[in-house]
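Structure first, commentary second.
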Amino acid sequence: FRMVSIRSMLILTSLITISFSCSCIESTPEKIYCMSEFVSKVRVDDEWTKSQFTAYTVKHLQIFKHPKSTDNATLVKWVYTAPQSAACGVRLTKGDDVILAGSVRDGHLFINDCAEIDPSFDTRAFENLNCTTTDMNSQ
């Protein structure tokens, strides 16, 4: 009886862990680009975490996609994400150059782990990308 209880507890713990983890549909950098409101190569300057979010100060090195609501000159230097990886929060390292893609709400940039683009990706693929639904289904 005791062995059954321990086994049941282990299974229950595993299910709870799985249900609280971030899950993303596998995607290509091109699809992430098309689904995102902004895409930018940045250098991570600083980080600070509150209970509700983690914020990063970044320097935009190259902006590939601007939100429709902004001019094409710049993006704000603050980027926000969930503080825990289970909530799809993104962990960035100060000094690293990374490609960020995400959404814009009330002028703030938000990122999550489901829109991660490998920093070694050849961003020239973004230059003439046509983000129509038909094209996206074929990629």
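Every residue gets a Cβ built from N, Cα and C, even glycine.
Note: TrEMBL annotation is automatic and uncurated.
Record features (TrEMBL):
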BINDING   C22  Zn(2+) binding site
DISULFID  C22-C88  disulfide bond
DISULFID  C24-C114  disulfide bond
DOMAIN    22-131  domain 'NTR'
SIGNAL    1-21  signal peptide
Could you give me three numbers for the domain 'NTR' (22-131), the DSSP helix, strand and coil residue counts?
17 helix, 42 strand, 51 coil
Around the Cβ of C24 (disulfide bond), the count of other Cβ atoms that are within 10 Å:
11
My understanding is the cutoff is Cβ-Cβ under 8 Å with a sequence separation of 6 or more in the same chain; which residues meet that for C88 (disulfide bond)?
C22, C24, T81, A82, N112, D113, C114
